[in-house]
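Undergrad: The structure's right below; bear with me while I get my questions together.
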Amino acid sequence: MCISMSVTVSVFPLIPVAPRLTPVPPGIPSLSASFQMLILLLPLLLFSVRTCQADGASVPTFPSTDPSTGRPVECERCAPGTYLRARCTSAQRTVCAPCPAGSFTARWNFISKCLRCNACGMNQVVKTACAADSDTECQCAEGFYYKKSYDMCLRHRECPAGEGVLSGGTPHDDTECQICPNGTFSSTTSAHLNCTEHKSCNAPGLQLVLKGSTWHDGVCANCRDQLRDGAEYLKEILSAFFGHQKLHIKRLRRVLYQLENGSKGATTELSLSELHERLDAWVAPATASQVRQLPEILKKAGAEHASERLHNKLHRIDSNLSELCGLTNEVDGTNTLNRRV
């Protein structure tokens with residue numbers, strides 16, 4: 001803070017000169033005590049003026065030595081955005097110069113060279129470009145967040161099938177997932193999607209033939225229309241089934257090879273995402289007979305648990321179709337479901 005000082009002679013009465021003041025030689029007029037005090041304070045006043053900016057704020061300084069006299073001097077620091085080109089002397093103030101492009105100083109300083117602007121690291125983007133008085137400000141790129149313990153940007157977590165996004169990821173926080181509550185499901189792996197409500201099957205003629213779970217929707221059948229084979233209803237959840245089971249990639253490759261009968265070449269080099277794309281492509285045109293063979297193919301590939309779960313889903317659909325929609329045909333008296341087996 002800059003301190004303003006002033007000396008007024010006319011307002012205050014003159015104070016008798018104390019014996020400690022400098023004696024006046026004979027023949028020279030006597031000086032008042034106030035004037036003598038002003039002379040004593042003059043160096044301090046000059047220093048105060050020198051170390052004040054135009055706006056009244058104090059300029060930071062640093063100690064130095066006058067190269068000509070060897071005497072200590074107090075030099076002004078250089079403002080942010082500049083650097084020290086020449087130190088001050090008893091006769092000259094500090095000389096500062098602006099930082100060249102690609103460099104900066106963010107503080108009052110007396111360094112001889114500006115700092116190089118930082119470049120953003122892996123998985124980062126520029127939030128604020130570097131300027132003469134500030135460094136580059138980076139943040140994690142879209143889909144990534146900053147992990148302080150690793151000092152790096154990591155990819156946002158993706159919520160697996162059966163879980164939905166509770167809180168979306170930001171450049172500073174990871175995605176938060178939650179298990180889908182009752183009555184909702186999520187059939188895909190995603191860092192953005194929340195859980196979705198199950199189908200109600202409340203429309204006239206619709207019956208719920210497979211109850212929804214956390215990872216697949218409910219399956220409805222229209223008993224007024226010609227009934228399909230239970231395996232055709234199972235197709236509605238097969239994509240979600242393969243995504244939820246998390247089969248080992250080697251087993252998944254064997255399953256796909258068997259389903260395609262090797263007609264599309266080897267599967268040993270396919271990635272997980274490529275495998276799921278090929279499985280979805282197989283499911284779309286698959287016949288009911290082919291779908292019914294799927295549990296056995298899973299079992300032969302060593303995925304016994306997945307085989308059992310899929311078989312149980314299919315059995316539940318068949319049972320519900322028979323119970324809820326297995327009415328005798330009014331024309332020929334035969335069971336509609338049995339005609340389609």
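Here the Cβ of each residue, glycine as well, is placed from N, Cα and C on the backbone.
Heads up, TrEMBL stuff is auto-annotated, nobody curated it.
Keep in mind that this is a model prediction, so the values were computed, not measured.
Relevant sequence annotations retrieved from TrEMBL are reproduced here:
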type	residues	note
DISULFID	Cys99-Cys114	disulfide bond
DISULFID	Cys117-Cys130	disulfide bond
DISULFID	Cys120-Cys138	disulfide bond
DOMAIN	98-138	domain 'TNFR-Cys'
REPEAT	98-138	repeat 'TNFR-Cys'
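Locate each feature and note its surroundings.
TA: Mapped onto three states, the DSSP output places Cys99 (disulfide bond) in coil.
Cβ neighbours of Cys117 (disulfide bond) (same chain, under 8 Å, six or more residues apart in sequence): Gly102, Ser103, Phe104, Cys130, Asp135, Thr136.
Every protein chain considered, the tally of other Cβ atoms within 10 Å of the Cβ of Cys120 (disulfide bond) stands at 16. The DSSP secondary structure for Cys120 (disulfide bond) is coil.
If one looks beyond the repeat 'TNFR-Cys' (98-138) by at least 6 residues along the same chain, the residues whose Cβ comes under 8 Å of a Cβ in the stretch are 59-60, 62, 75, 77-84, 87, 144, 152-155.
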Undergrad: Could you state the whole-number distance in Å separating the C-alpha atoms of Cys120 (disulfide bond) and Cys114 (disulfide bond)?
TA: 19
Undergrad: About how far apart, in whole Å, are the alpha carbons (Cα) of Cys138 (disulfide bond) and Cys114 (disulfide bond)?
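TA: Their Cα atoms are separated by 20 Å.
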Undergrad: Are there any residues at least 6 positions away along the chain from Cys99 (disulfide bond) with a Cβ closer than 8 Å to its Cβ? List them or say none.
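TA: Spatial neighbours, sequence-distant, of Cys99 (disulfide bond): Gly81, Thr82, Tyr83, Thr105, Cys114, Ala132, Asp133.
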